[in-house]
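If you check Swiss-Prot, you get these features:
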- 1-26: signal peptide (SIGNAL)
- 40-121: domain 'EMI' (DOMAIN)
- 122-162: domain 'EGF-like 1' (DOMAIN)
- 167-178: disulfide bond (DISULFID)
- 298-311: disulfide bond (DISULFID)
- 313-326: disulfide bond (DISULFID)
- 414-454: domain 'EGF-like 4' (DOMAIN)
- 518-554: domain 'EGF-like 5' (DOMAIN)
- 522-535: disulfide bond (DISULFID)
- 562-597: domain 'EGF-like 6' (DOMAIN)
- 609-621: disulfide bond (DISULFID)
- 615-628: disulfide bond (DISULFID)
- 829-859: domain 'EGF-like 9' (DOMAIN)
- 832-840: disulfide bond (DISULFID)
- 867-903: domain 'EGF-like 10' (DOMAIN)
- 997-1032: domain 'EGF-like 12' (DOMAIN)
- 1000: N-linked glycosylation site (CARBOHYD)
- 1001-1013: disulfide bond (DISULFID)
- 1093-1106: disulfide bond (DISULFID)
- 1169-1204: domain 'EGF-like 16' (DOMAIN)
- 1194-1203: disulfide bond (DISULFID)
- 1256-1291: domain 'EGF-like 17' (DOMAIN)
- 1390-1420: domain 'EGF-like 20' (DOMAIN)
- 1410-1419: disulfide bond (DISULFID)
- 1428-1463: domain 'EGF-like 21' (DOMAIN)
- 1438-1451: disulfide bond (DISULFID)
């Protein structure tokens, strides 16, 4: 080893020793920890790399030319020549390499303290930055771990905590909505529900408590989840069932009116039918006594009736046809109208004074009282609303275009052309008053016909090719109802019925009208027929058209008839009325159908049964008005009004029976009468008895005997002549009294008596001396001389009027008809008050309630526990866990119960109302049959007991903590510790004994080679250098240390020690990590062997083999190249001819004697021979000199100046003078001897055989060297290549693009395609096809030969080469099978959408589809004010200028307003946004609904109105300044000035005249007073 190398090696050893030696501790310091060794506990080995620099030798060389002596220099034996010499020398370079060394450190989680044998102290990793844990950090012996608080779970990094979304599992156990929160969750309920005590179940709450149930006025709770809206008095509910509008005062109980009600300026004004007049209360109607007022004009007697009167005649007389005159029966009547119609132009009536001319309706008598002239009815304010046309004898109403005549014949109503479908509008129709208007959708315009619509972009084409013209606007057509076919009955029968109904009486002598007149007084002619009526053929009456009746067709059909002569009966039901012409039914609100057969269902009313009513206790509402049916004595929208005067009972539908003139008031509940002074009796019908007076006749008179007292005041009367009374005796005795002082009482049983004698004057219907007896059965009238009609249904004849007195429940002239539905009582005048489908008795009106209802008016729903009609059946839900259906009686069980009588809990696994909800409890938990709440068994928790107890807890509700060591879990039910593998003992406090492991330490360890056993899993902890389950395997190559976990640092194929990791280097390498190559001259393992190469050969550092320089060979490079070879590895062949050898190094030819040239191919020049042609010939002139030997003649077979040329074929011998004698071309002669031998390419005894394939040359001894199927010339060995190849030995394939013999043809294949070098056939690449690969694959094919089918979907394009899919816009995936995910669009979904405000983008173009409330290219704009919804198309309906939410349209009310549309102000006492803030004002003081400031009343001020106005201020809030002069103060409330110092006037600035000269007093005292 050279000295330098040895020195460097020694230095490295010293350096390594210094590194390994521990520092010597000072005597004053404590001993440091002992150096760590691999055998110490918790010590881990590590590899540490260091960078080491050293000098590396390298061999260099240079060349130079030096003079050398050479021998054989021609004439001289030696001469000096030039020779190139190479000099080799050694140099050094500085190189750096990394060296690895093993160091020992404490394993992670351990540390070494002074004096410890190894690493025995645990490191508390949690003390430093909490160990990196996000949650709690738990230190363990030799390590640590992170935990998370409840509601969080540990992430994969073992440190980060992530919130657990409990709502993802079973909705968190929540019945309605689960809301996740950090570390926990909570349950929420839908509107109308509240959270149960279990925190999960939702219970229904009163729906009225949420926003007043949406009601504008009042919310009435019906059930827990149902309510109805109710309006304040004078308001009615709209169709939406929430808002209220002011209702007509006539809508409630007919406005309190007995007969008719008319609304004027918001107030109800009552009216009465003919024959009645308003009572003093301006509501009730009382009969007009036409007899008493002299309006009857009866000839004999007058009998007053309800609403009318009737004339009666004395005995022996009979009532005339006019109903007033009386005629003796035996008197012959002379008809004054018989001659010339009495001179009348129209009607003539015979009277006792002569003919009386009358005119038909629409005419009036002229001044001659004979002639009838037409009345211009249109000039006298007719009922026509729009157009009036006067006609002879009448007038006709009509309407403008677009209107049609109402059924009353007067009013006009607009024709809704749009609703009838006759508008002809193509798109939209808008009805106008009297007309309509068509309009088109966006993007269209109205055609010239004003009906059709044409797109804006379309041009108008003149279809008929004529000039354009302007079309007039269409006239608006009035649509009339089509008249059905009319029915015609026998007119005679109808006339008889009419006559019977009129009750006319004819004389015994029947007379016949003459001169084509008719009527009861023969005063009518055919000219009197009205309303289109025509005369009968006999000219004896009018034939009326449809809808008219009467003797001259001047009366519309009665309500229950229609058609011609009113002969067809109406078939309208439920109170519907029929058109008198067509018979079409007009249904009242709440009823529908062609015949009004469809009434409104319960809870609805109105014309189309669309209005919703909400009556208390499920009460039924009036089908017309929606009003609730009230208890007796009450009426009105909310039954809050007392009955009007003289009405009582349910719905105030019964009339009081009191004598109103004698009565103070009538009880509204039971109809009892309170009498005025002077009257008594149940109906106050009787005056006080003589000797009593006053209210109820309870006071006794104090007059002397024989003197009567006033029954009202009790005053005593004076003595008057019989039949008279009064202070001046000018008054006749009142009815019922007679005699002196009218003291006698008539004993005429209510009939009047003669005022003087007391003789009874019996009224009609009475007879006898005291008029106490009624007329005999079948007789009536004065003197009981009239015969009663045939009354039906047990009715009797009124002895006074002769009318049939119908029993309650019947009506009609003969009581032949039962009361119509909804009416009862005497005369069917009382309206039934039965609600909710109840039926009333036609006589008594008593309600028979439908199932589920009870009460006098069936307005009260069945009480709990009863059901059926009138609620008479008791419920049989005896278990007490339910009620029964009020209609069917079926038990409606409470939540959690079922069975016919609700006696059973829900079957196992079900709960709730109807036991229809399925329990979701798990792990054997019991389910509450009412709420579904789970009661978990021990060891389980959660809403559905789906979670086991968390680690460390057990028992019921997991409320007990486990007492187990080492983090061992415990049994969730019993709490007993379940020791993990490796632990044992009652509390798992002990680790397994040595050589045992697993659960209960029951398994035996199987570890070898000094390994220890893991007490938990039994895994072997191998000693360094070993691995495997049982530590039987040594570390594999490249690994070392404990568990073979360290990677060796050995390089260049070096192997390391499996325990310590030290490197063992392979041949050719050295160093700590085998990173250094062997130095020159050294080789083998560790470079310890020396090389012995000669002749400049170099040594291989791995094998030691010599790498020889050019020209040398052998193990040690000791031998030159063999003859004919030269160069590196002696692999090059010499190119020398004539048997010359070449230089073994350079390859230069060493020519034999006689030859020269670079390849020794030339003979010596003439005159020269021998080696290097250096010798001159000495032959005679002209003689040849042999170029080798110098002889002066050529040897046989050669010729030429230098004998260098062989004999020509066919010659031989010396100087080639002899001709060959060999037969044929297959023979050749030897050039020297002439012997015949086979020619090149032939062989055999007769030289006739060609050389076999693969051989050539003389005797076929040479082997052909042609490749790739090439053939060789049998004579010369030249190769003939097949198609596709070329070259001397056919070793080269045709270059690309060529083919065929000698590669002469050019390929014609397409780009990228190859062609067969032999045939030129095109070999197509994948994706191409065709003879020249000129075509691509079809669209659905790909690959080589287009053999494979594409799998692209959704219009994707397939790559023809490899089948990969190119997806269209909006699709992605290997096969374009996935649409772009949300937020992406375009090609391969690579573009990111730019839509804002949660707008979604169209996956193809990226166009934004905006959600409700936004618009714009990127949905960046919020809907403009007043619009909301999708596309901002919906208009906000907010009032008070309030904006609306652009998304939902919800009105954002300003301060001071509330309601769905901000239509309501704050309730008194509330203010601010949403009217949620309560005013801080005293009771009765309102506050500003916006600011909440108190609105102080006049005279008060301050924030709470607790201060009086300061002087000089008055009014509300003391905001006004007083305007008082003369030092006067003003009233703080009204501002009125209180004058002082004689000042007067409204502002105290006027001085009286008498004081004007008096000088006013100085004002300083007043100033002092003011100042004081």
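Backbone N, Cα and C define each Cβ position, glycine as well.
In this structure, the C-alpha atom of residue 298 (disulfide bond) lies 96 angstrom from that of residue 167 (disulfide bond). Residue 311 (disulfide bond) counts 20 other C-beta atoms within 10 Å of its own C-beta, drawing on all protein chains shown.
In this structure, residue 178 (disulfide bond) is part of a beta strand by DSSP. According to DSSP, residue 1451 (disulfide bond) is assigned to a strand segment. Sequence-distant contacts (6 or more apart, same chain, Cβ under 8 Å) of residue 1410 (disulfide bond) comprise 1395, 1397, 1399, 1416, 1419, 1430, 1431.
The DSSP breakdown of the domain 'EGF-like 12' (997-1032), given as helix, strand and coil counts, is 3 helix, 9 strand, 24 coil. Cα-Cα distance from residue 840 (disulfide bond) to residue 1001 (disulfide bond): 93 Å (rounded to the nearest whole number).
Closest in space to residue 1013 (disulfide bond), of the disulfide-bonded residues given as 178, 313, 326, 1203, is 178, taking the CA atom of each residue.
According to its DSSP assignment, residue 1419 (disulfide bond) is coil. Under 8 Å, Cβ to Cβ, and six or more positions away along its own chain, residue 1093 (disulfide bond) finds 1099, 1106, 1107, 1108, 1116, 1117.
Long-range Cβ neighbours of residue 178 (disulfide bond) (same chain, at least 6 residues apart, Cβ-Cβ under 8 Å): 166, 167, 171, 172, 185, 186, 187, 188. All chains included, 17 other C-beta atoms sit within 10 angstroms of the C-beta of residue 326 (disulfide bond).
Applying an 8 A CB threshold to same-chain residues 6+ apart, the list for residue 1203 (disulfide bond) reads 1163, 1184, 1185, 1186, 1187, 1194, 1195. For the domain 'EGF-like 10' (867-903), same-chain residues at least 6 beyond its ends with a Cβ under 8 Å from one of its own Cβ atoms are 848-854, 861, 911-915, 928-931. Between the domain 'EGF-like 20' (1390-1420) and the stretches 414-454, 829-859, 1428-1463, the greatest number of Cβ pairs separated by less than 8 Å involves 1428-1463. For the residue listed as 'N-linked glycosylation site', the same-chain residues 6+ apart in sequence whose C-beta sits under 8 angstroms from its C-beta are 979, 984. Residue 840 (disulfide bond) carries a strand DSSP state (E or B). Within the set of disulfide-bonded residues 311, 326, 832, the entry lying nearest in space to residue 1438 (disulfide bond) is 832 (CA atoms).
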